[in-house]
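**Student:** This is the structure I want to talk about, given as structure tokens.
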Amino acid sequence: MVLGDVFVLWFVPAAAVVGILFALVQWYIVSGVSVGGEGKGNNGYLHVDEDGVSDAEVVAKCAEIQAAISEGAESFLATEYQYLLIFMGIFSVIIFVFLSSVGGFKWERVPCEYDTAQECPSTIAYAFFTTVAFILGALTSTLSGYLGMKIATYANARTTLEARRGVGRAFIVAFRSGSVMGFLLAANGLLVLFLTILVFKLFFKDDWVGLYEAITGYGLGGSAVALFGRVGGGIYTKAADVGADLVGKIEQNIPEDDPRNPAVIADNVGDNVGDIAGMGADLFGSFAESTCAALVVSSISSFGTDRNFVAMSFPLIISAAGIFVCLLTTLVATDLFVIKGVKQIEPTLKYQLVISTVLMTIAIFLVSWYALPDTFTINVVGHDPKVVKNWHIFLCVGSGLWAGLIIGFVTEYFTSNTYQPVQDVADACRTGAATNIIFGLALGYKSVIIPVFAIAAAIYLSFSLAAMYGIAVAALGMLSTLATGLAIDAYGPISDNAGGIAEMAGMSHEVRETTDALDAAGNTTAAIGKGFAIGSAALVSLALFGAYVSRAGIAVVDVIQPKEFVGLLVGAMLPYWFSAMTMKSVGKAALAMVEEVRRQFRTISGLMEGTAKPDYKRCVQISTDASIREMIPPGALVMLTPIIVGTLFGVETLAGLLAGALVSGVQIAISASNTGGAWDNAKKYIEAGRSEHAKTLGPKGSDAHKAAVIGDTVGDPLKDTSGPSLNILIKLMAVESLVFAPFFAANGGWLFRL
């Protein structure tokens, strides 16, 4: 080990500051595209569309639509965050009371677990700092989602306007905007966590075990907000999307995003509050939890015993190095490579994953070599300490990183309309919606195979080399290129919004073709982002599970024993229960939306002729009310289950529950996300009509296209509500169990005792 404490104290915050500055530079460049008097210029030329609409009229329409989308997104998030503030207040009290009760609400300092000759902070102090960490994590997660939404609504119209100048210009605006979100989120999350550790250190002093166990509240806060953001945003966006598609495309036979459709603004708002704000909070939660899991395990290793600050900060150094790697990777797409045609979009995004993975592998090797001791020990519950070498950790982090790349490539293969699987789904539309749905479900199930093998291989290698610490840093490896992953993920909804604005503003067919191409690639990148989130969630939750088992004092989790097996069965059922709740919530909200859209088409005179405007705000309000109301039951299921099971049935049953939810949830999440993504791109494959095969299935409005629209509508809640939310379920229950483990160990299982 070569690096010293001073290096860590400067390098980690410096990386975060560089990430924030880079994001601001990207935002400044994007702001150069003028929308309604904003920006630095008039886009450099005067343009008249083929239908005679002048540049000034187009810009004015784009500005008006952008303002409506931004207003709707702001309104929803403001309402959602009011409910989240109430939740944060109530749950903060629960955390403080439960953890304080472990020591009988005493202020006296207690003997340290690692050295009984020394005294550590009281349980009330520990409960207080855990609660503070929870609040900080929740606020940072909220900020991450809000910033993402603001950036996306700022960039959507600018991407539309640049699409008139070619696909390359539009791509750069969308990708730069995505990178703003990626770097802001990664840098803010790292900076807040690092500063929190330094402040807590002033109180905990040499009690690293207590400090990092209190820090787990940060991950709990981040994931709790992410759950409500994903579920609420997912219900919002899919209620609007389903309503707009079923009535607009199928019943009225009007194009997607047609301004005559009353649900079109709500649909575009949903892309920002669900796919952007929800996804940002989700991946922030994964980062926070994987880092917290690695820190907790490292504190009970020889790092903690030796007070080795640099080695214990290894997870933070990896994340900091990842920001620099992602910065270099982003420059390749924005400054070194110019997109000249539609076919170059997906390869460019794929190169981002490959380049960042290769560069990050080199960075991981250097950090492992210089930040870790040559040899150290990791404590393993119920076994002798494991002797680990620094190059073992390099392999662990690398396995997670490359498993993430494999998951990304497999997801692309099964969801991109460039490849055979999606084309087969599109071809199945010839005989109607039923065969389309059968083929899509089969595709989703099949797409689970390779990602599960990749995750399993990473887990086996990492655990063999470094026990639970290896799994924790493998999860961190998968998330080490978080800024790049978020950039290509956020690119999708921004492009989707850009296409909607082009249609509503009455732009030419050529511009709409450009935005459709960007959107089709965006669907694939969104699916890749969900694949990363699900894969990392599996590793993160397993690492948190290991930390929970250690903290709860469980020597062995034996599934043959009735307590553990009962928990295993119930845990495996929970993702189905949760999915049923979220799917039905989307269905109920969509019913209300369909009825409202039908009512407006029926009662507003001149709406279909284009001489009257629909009531967009009414549809926005329906989605807002439904999503806020319907997000509470699924959220309560996830948040209350660990507390009820741990309190009533004890730590062993809860361990079985976590294992069951992990194994079941990962499979369902991958298949649901990929099935929905494939159906969406099968529809776009028919609509684009670029190949001879696609032309035989089209055009828009054909029977095959209507069957594809139905498949896409069925897949919407799968890929944007239930699927993405499941990875939060398995992470959140694990980190919540870890935070409350002292209470469960001391007071849990009273039903069995009775």
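First residue shown is number 1, and so on along the chain.
Yeah, the Cβs are placed from backbone N, Cα and C, and that goes for glycine too.
For reference, TrEMBL lists these features for the protein:
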{"type": "TRANSMEM", "residues": "6-30", "note": "transmembrane segment"}
{"type": "TRANSMEM", "residues": "83-104", "note": "transmembrane segment"}
{"type": "TRANSMEM", "residues": "124-149", "note": "transmembrane segment"}
{"type": "TRANSMEM", "residues": "170-203", "note": "transmembrane segment"}
{"type": "TRANSMEM", "residues": "316-339", "note": "transmembrane segment"}
{"type": "TRANSMEM", "residues": "391-415", "note": "transmembrane segment"}
{"type": "TRANSMEM", "residues": "436-461", "note": "transmembrane segment"}
{"type": "TRANSMEM", "residues": "467-488", "note": "transmembrane segment"}
{"type": "TRANSMEM", "residues": "532-553", "note": "transmembrane segment"}
{"type": "TRANSMEM", "residues": "565-583", "note": "transmembrane segment"}
{"type": "TRANSMEM", "residues": "637-670", "note": "transmembrane segment"}
{"type": "TRANSMEM", "residues": "728-752", "note": "transmembrane segment"}
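Could you place the listed features in the three-dimensional structure?
**Tutor:** Beyond its flanks by at least six residues, the transmembrane segment (6-30) meets 151, 154-155, 158, 173, 176-177, 179-184, 186-188, 190-191, 194-195, 309-310, 313, 316-317, 319-321, 323-324, 327, 330, 334, 483 of its own chain at Cβ-Cβ distances under 8 Å.
Remote same-chain partners of the transmembrane segment (124-149), defined as residues 6 or more beyond its termini with a Cβ less than 8 Å from a stretch Cβ, comprise 73-74, 77, 81, 84, 88, 91-92, 95-100, 103, 105-107, 181, 184-185, 188-189, 192, 196, 200, 203-204, 210, 213-226, 229, 272-273, 276-281, 284-285, 288, 490, 739.
Counting residues 6+ beyond its ends, the transmembrane segment (170-203) has Cβ neighbours under 8 Å at 12-13, 15-20, 22-24, 26-27, 29-30, 33, 121, 125, 129, 133, 136, 140, 143-144, 147-148, 151-152, 154-155, 158-160, 162-163, 211, 214-215, 218, 222, 276, 280, 283-284, 287-288, 291, 316, 319-320, 322-323, 326-327, 330, 333-334, 339, 345, 348, 482-491, 494-495, 498, 514-515, 518, 522 in the same chain.
Nonlocal intrachain contacts for the transmembrane segment (565-583), taken as residues 6+ away from its ends with a CB within less than 8 angstroms of a stretch CB, comprise 231, 234-235, 559, 633-634, 637-638, 641, 645, 649, 652-665, 668-669, 672, 717-718, 721-722, 725-726, 729-730, 733.
Only residues 6 or more beyond the boundaries of the transmembrane segment (637-670), in the same chain, are considered here, and those with a CB under 8 A from a CB of the stretch are 91, 94, 224, 227, 444, 447-448, 451-452, 455, 530-531, 534, 537-538, 541-542, 545, 548-549, 552-554, 557, 559, 561, 563-579, 581, 722-724, 726-730, 732-734, 736-737, 740-741, 743-745, 747-752.
Packing against the transmembrane segment (728-752) from elsewhere in the chain are residues 95, 98-99, 101-102, 123, 130, 134, 216-217, 219-220, 223-224, 226-227, 230, 282, 285-286, 289, 292-293, 296, 537-538, 540-541, 544-545, 547-548, 551-553, 563, 574-575, 578, 638-639, 641-643, 646-654, 657-658, 661-662, 665-666: each is 6 or more residues past its ends and has a CB under 8 Å from a CB in it.
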**Student:** Taking contact to mean 3 or more CB pairs closer than 8 A (sequence separation of 6 or more), are the transmembrane segment (467-488) and the transmembrane segment (391-415) in contact?
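**Tutor:** Contact between the transmembrane segment (391-415) and the transmembrane segment (467-488): present, because at least 3 Cβ pairs are under 8 Å.
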**Student:** By a Cβ-Cβ criterion of under 8 Å, what residues six or more beyond either terminus of the transmembrane segment (436-461) are in contact with it?
**Tutor:** 395-396, 399-400, 403, 406-407, 410-411, 414-415, 421-422, 424-425, 428-429, 470-471, 474, 531, 534-535, 538-539, 542, 666-667, 670-672, 674-676, 678-679, 682, 707-708, 710-711, 714-715, 718
**Student:** Six or more residues out from either end of the transmembrane segment (316-339), which same-chain residues have a Cβ under 8 Å from its Cβ atoms?
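**Tutor:** Those are 8, 11-12, 14-16, 18-19, 22, 26, 167-168, 171-172, 175-176, 179, 182-183, 186-187, 190, 193-194, 197, 287, 291, 310, 345, 348-349, 351-352, 355-356, 359-360, 363-364, 366-367, 371, 397, 473, 476-477, 479-484, 487, in sequence order.
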